[in-house]
């Protein structure tokens, strides 16, 4: 059984080294759509794989952190990086080039960590993020699958510190330790209470 939730964010970037000069040489933006697919081996007490409302919490917070921000590769020139940091309140510094494929791998990596560190209380089954799709436009998307995180090439692109968020982004988190919890060694960080009204 698989469920899907759609998230959206708007952002600007530059994709270096690609064949399209418009993308490789200019700051430009996209209205991104991120589809997150979660797989389970059984349904919970509400006959749900996972309540969609629960996917509007930590996962939503993480994806919203990329919204209305400039994303830049840490291989950009120091001058360019300083300009962004001095003139943008919201920015995300990334250790990977900013293709849709890289975003798909990155979101899969961090959303998997969030789900693994989440404690649910409604008799949920074994949950996993089976894939993530990232649409830059209506015409195409990149999709990353859980098995990709075992591929040495793909695995080398994403790690705990492959993104860092500006203070302007962090200031809107309800929990100032939100990102630290995602990448920490703690196994249980995000707790979700049992629904109040239960029919046996």
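Any Cβ shown, glycine's included, is placed from N, Cα and C.
The annotation active site, proton acceptor is assigned in Swiss-Prot to 23. DSSP assigns residue 23 (active site, proton acceptor) to a helix in the three-state reduction. Every protein chain shown contributes to the tally, and the Cβ of residue 23 (active site, proton acceptor) ends up with 17 other Cβ atoms within 10 Å.
Feature annotation from Swiss-Prot assigns active site, charge relay system to 68 (among others); the stated evidence is similarity to another entry. Annotation note: residue 68 (active site, charge relay system) sits in a coil segment as assigned by DSSP.
Taken residue by residue with DSSP, residue 136 (active site, charge relay system) is part of a strand. Sequence-distant neighbours of residue 136 (active site, charge relay system) (same chain, 6+ apart, CB under 8 A from its CB) are 30, 32, 100. The active site, charge relay system feature in Swiss-Prot is assigned to 136 (among others); the stated evidence is similarity to another entry.
Secondary structure from DSSP puts residue 28 (Zn(2+) binding site) in a beta strand. Around the Cβ of residue 28 (Zn(2+) binding site), a 10 Å sphere holds 12 further Cβ atoms from the protein chains shown. Among the features that Swiss-Prot reports, Zn(2+) binding site is placed at 13, 28, 30.
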List of residues, in chain order, with Cβ under 8 A from that of residue 68 (active site, charge relay system) and at least 6 apart:
9, 10, 11, 90
Roughly how many Å lie between the Cα atoms of residue 23 (active site, proton acceptor) and residue 13 (Zn(2+) binding site), rounded to a whole value?
9
Sparsest Cβ surroundings (other CB atoms within 10 Å) among the binding-site residues 13, 30:
30
